[in-house]
Amino acid sequence: MSLTYPIAFLIVAISVLISIYISFYFRKHTRTTAAFYVAEGKIPWRINGMAMFGDYCSAASFLGVAGAISLMGVDGWWLALGFFATWMAVLFLVAAPLKNAGKFTVGDVLGARFGHSKGIRTVSMLTTIVLCSLYLVPQIVGAGHLFKLLLGWEYLTTVIVSGVLITALVVLGGMRGTTFNQAVQGVVLLGAMLILLISATIIYFDGNILNIIKTAKKMVPTVVAAKQIPDVVKSAPSAEAAVEAARQALPDAPSALTPGVGLRDFWNHLSLVLGLFIGVLGLPHILIRFYTVRDAKAAQKSIEFTIWGLAIFYTSVLFVGLAIMFSLYPVLVDLVATGKKGIATNMAVPMLGQKIGGELFLGIIAAGALAAMLSTCTGLLITATTSIAHDLYASIFKPHSPDEERVSFAKKAVFVLAGISIALAIWLKNQNVGMLVGMTFGIAASTFAPALILTVWWPRLTKQGVVWGMATGLVVSLIFTFARFFGLKSFLGLPVLVNPALYSVPAAFIVFIIASLMTKDVGEVEKFMALAHRKK
Amino acid sequence: MGFRKMLVAVDGYEPSLGAFKKAVELARDYQAEVVVLQVEEEVPLLPTEKMMEAVEPPITEEPLELAKAYAQLMNVPVKVVKKTGPVAGAILATAKEENVELILLGDSGRKGFQKLYFGSVAQAVSENADRPVLIIKRGWVDISDLKELAKQIVEKPEAIEIPVYDPRLVYENLKFSGTLFLVLTCLYFFAAIITSKPLKDVAALEIAGLPFGIWCGLILVVSGIFLTRIYLSKQGGES
């Protein structure tokens, strides 16, 4: 088997090695450096802020959003706005009470209020496993396409190889120094996105970022052109000519800045934005990052650092996506027209890198994308490991087992979980990774998110309310997620939407509330509320 | 010639407690004072990361308390110091500050991969110190009496004062967090609904060169930063 882009592949491999090296170096450095400086808290908050950013920006943000924009124009940006806003929803609604209570994972919070309930533990563990394995899918789909592009192998081969390698890397080595790794990966992926933005602006838009907007107003969105006039675009001599030709052929078509191109209808849109908005509240691996640093000041600084990073990143993504549509117009139209939407939507970003700076740039961008996948996979797998070791093995299987045994069991279980994710990734190869992540958000929004919000704010919530509410949310959201994967148009008389949230979120909330009102076990509500809402 | 003042670094694990016991023995012989230092590393680590790093459980979570109790039993004067920062750096800095004549350290005996990852504090200190360093190898000193003592010292239940439950406080917090969340929700869903299919013509209206829908998105991003700042300043003001 020959490599299509050996240099780019080499850059990716080196970047992985460097990030492993740095994480090692830092851990050792904090112990053995001879210098003792009183720059209190400075390094931890920067590292933590960057790790938070790296953990949060997954393949969906790096590849999926810009890819979606390059195909349907500004509608694709919705994913980015959702990813951005939901992060703040977490901050405002639960961050402070959780910090006060000293609990950072959903399981801990529920445990603090309701004690050791087998029912809650079991539902939490199942939800964690479902969320982690489904959230892994888009990362692996992204990796599969990426290595297919770099190596020229079949998608099936690359998905299996990269899925197994990522899991092995994370489980066997990467879980050490997670924080440092994620911080380094955060720098790499933000840097890669900015490099793309700056160089694309200079090369294609005379160095003026506003020219991207001007040009976008003229462009017929890729998906529209691919459907109606693929041949016109194909026969154009250059990308610029293709953009012109498409506009001449379809003078009344919407532009890349016209909203509504990528949307089906109001309800689909609402379901997506709802799922995105409260989804992150229920993603177990995000919360934990808020307070890895010790003192409040450092925590605040790292949050501020992250919000700026996210704002810059998600705004840049809009411009990069539009720049991709312009510079790769004929290629993207051709890919979509010939049914290779999966490649177009997920690989648009690395393809722009290649066009701008050849194999070298392709390598840098691919390294950024892989950094996004790795940092997120690390966060997810470490959460899954904790949950399996803690909630499954220690609480249900073998309560008196030593730590080592629990961790080793959990590591094996994580491989099984990754295997399921790889199988799903093979099946779902033509989905946009951003939309896949959106679905995971929808499931989280129907399970952990209401559990967390209600535990923290509603004294009347009961143990049974949590168990039944989460179970309902999980089942309903899974049914509609898989109905979507199987391509069903409707299920039980309800139309299947792009995201399960519109059905599962209200269903979950209703069951949480009704089951709570019908039962009495509110847990240690006074103690918990007093801790979570104390005066500082 | 003897030593009048020595420094020993402890972390609650076996090797460092071996070094501490040796320090106490030497202090008795030389009538010296022992400075016991505990350095808390300042690294942002996840709980699972910490769990995976610890190969064995520590003998005590409160090494300084154990040190004080043991020294009292042995009738040796000790001074305890707690610092935060790079471990080796803090040891060297304390040695200078306290002007000790000997630094005692335990050697973890980590090998291979583990040593590559964690490095060796003992090695780093002995390389960079300007005064004598004594490294006590793991297992050289029998610390069963220290272990016994650690068990006897009833660990103080963490003094978490549970404040009184005050529903008004919950309501107040809800008002503040809820308001910010509501503002965010309004901005978010306004931008979302305006760009949905039935209203897409409104979103396409051009204002200052950009469609209204994009302005809504940009406003959301900018106000997100503002809202976060408001939130953080309130949190900061209270703590």
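Glycine is no exception: its Cβ is also placed from the backbone N, Cα and C atoms.
Copied from TrEMBL, the annotated features are:
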TRANSMEM  A:6-26  transmembrane segment
TRANSMEM  A:47-71  transmembrane segment
TRANSMEM  A:77-98  transmembrane segment
TRANSMEM  A:119-141  transmembrane segment
TRANSMEM  A:153-175  transmembrane segment
TRANSMEM  A:187-205  transmembrane segment
TRANSMEM  A:272-293  transmembrane segment
TRANSMEM  A:305-329  transmembrane segment
TRANSMEM  A:360-388  transmembrane segment
TRANSMEM  A:434-458  transmembrane segment
TRANSMEM  A:465-486  transmembrane segment
TRANSMEM  A:501-519  transmembrane segment
Beyond the flanks of the transmembrane segment (A:77-98) by at least 6 residues, Cβ under 8 Å: 56, 60-61, 64-65, 68-69, 104, 109, 269, 272-273, 276-281, 286-287, 290-291, 303, 306-307, 310-311, 314, 317-318, 321, 434-435, 437-438, 441, 452-453, 456-457, 532-533
Long-range neighbours of the transmembrane segment (A:153-175), counting only residues six or more past its ends (CB under 8 A): 1, 16, 20, 139-141, 143-147, 181, 373-374, 377-378, 381-382, 385, 411, 414-415, 418, 421-422, 425-426, 429
Chain residues outside the transmembrane segment (A:187-205) and at least six past its termini with a C-beta under 8 angstroms from it: 15, 19, 50, 53-54, 57, 62, 211-212, 215, 309, 312-313, 316-317, 319-320, 323-324, 326-327, 349, 352-353, 356-357, 361, 364-365, 367-369, 371-372, 375
Contact check, the transmembrane segment (A:119-141) vs the transmembrane segment (A:47-71), 3+ Cβ pairs under 8 Å, seq sep 6+: yes
Contact ranking winner - A:47-71, A:305-329, A:360-388 against the transmembrane segment (A:6-26), Cβ under 8 Å: A:360-388
Contacting positions for the transmembrane segment (A:360-388) when only residues 6+ beyond its ends and CB under 8 Å are counted: 5, 7-12, 15-16, 19, 51, 54-55, 57-59, 61-63, 105, 107, 124-125, 128-129, 132-133, 135-136, 139-140, 142-143, 146, 149-150, 166-167, 169-171, 174-175, 178, 181-182, 184-186, 188-189, 191-193, 195-196, 199, 284-286, 288-289, 349-350, 352-354, 407, 409-411, 413-414, 417-418
